[in-house]
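Scroll down for the structure; my scribbles are underneath it.
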Amino acid sequence: MQATLVSQIFLPFALFIIMLSVGMSLKLSDFMRVARQPVPVFLGILTQLLMLPVLGWIVVQLFNLPPLLAAGLMILTFAPGGATSNAITLLARGDAALSVSLTAINSLIIPFTLPLLTALILSWLSLEATLIRFPVAQAIGQMILITLLPVILGMLFSQYCSELNRKLRALFRSLALILMLMTVILLVVSSWDRLTVLLPQLALPVLVLVLAAMSLGYVLARLVGLDEPQQITLLVEVGLQNAGTALLVTSTLLQSPEMSASALVYGVLMQLPALLLIAWRNRFWLFGILKQLSVGN
């Protein structure tokens, strides 16, 4: 399958379904949690929107990445986690309600901030030729159509068709994860030659960014005295970005294979610390199963 077909048709469709599934899981009360739990919510949003891009810039400078790869990595830091981070938070026994609230607020903010910050970083990295192909107003419109609109539709469906929504929500969530996995696989296959060349340059910076961001979220949560589940939630929400949204910008809007390579490598490698976190948080349950199996034998 051609890379253009994947990036221009399959990826936007997959992301629309993903954000629709996010909306189907949201309620108005998820937005109201800001008033009831202001500290963890504001800390999460502040860290995701302000401190994470600063951390990304430090990583870019530390590894002296070429401008296009640097731009791709920075665009990732402008796209906080969504449905994937919600699922990982749940599996890692974090505060799922806090995770959903952060997703709810970000779903309203990111369609506007991501294109603006992308234009800023392209200018900062002297990528004027790429910037010319990136009309910010049009990008905001496309982001609203592909990310914000499905969230609103999902919430309306949840509100007015609650019984049907309860039956379909798990199906759409599974479909969303499958579509995202298929999108990453198709983009990796269609960009394989370029990825194999760029992987040595990107693997270490991507892993450093993931681990540093996870540490940042966890340390800040501990410093302000949040409980353990909330610490895990900020670790995940700050540490794991939305590769699908980043790919929408780099692959669909900017049509840059080099920038997309950063998001693709990230989308694959971020699974490693996520799986380790889930295993660690469920270690007693896993040890119990292993013990039962050993006794049974």
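Backbone N, Cα and C atoms are what each Cβ position is placed from, and that goes for glycine too.
Database features (TrEMBL):
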TRANSMEM  6-29  transmembrane segment
TRANSMEM  41-63  transmembrane segment
TRANSMEM  69-92  transmembrane segment
TRANSMEM  104-127  transmembrane segment
TRANSMEM  139-158  transmembrane segment
TRANSMEM  170-192  transmembrane segment
TRANSMEM  198-220  transmembrane segment
TRANSMEM  232-254  transmembrane segment
TRANSMEM  260-280  transmembrane segment
Does the transmembrane segment (41-63) come close to the transmembrane segment (104-127), meaning at least 3 CB pairs under 8 Å for residues 6 or more apart?
yes
For the transmembrane segment (170-192) and the transmembrane segment (41-63), does the number of C-beta pairs under 8 Å, pairs 6 or more apart in sequence, reach 3 or more?
no
Ranking 69-92, 139-158, 232-254 by the number of C-beta pairs under 8 Å to the transmembrane segment (6-29), which range is first?
139-158
In terms of Cβ proximity under 8 Å, which residues at least six beyond the ends of the transmembrane segment (41-63) contact it?
33-34, 70, 73-74, 76-78, 80, 98, 101-102, 105-106, 109, 113, 117, 201, 204-205, 208-209, 212-213, 216-217, 220-221, 224, 226, 233-234, 237-238, 241
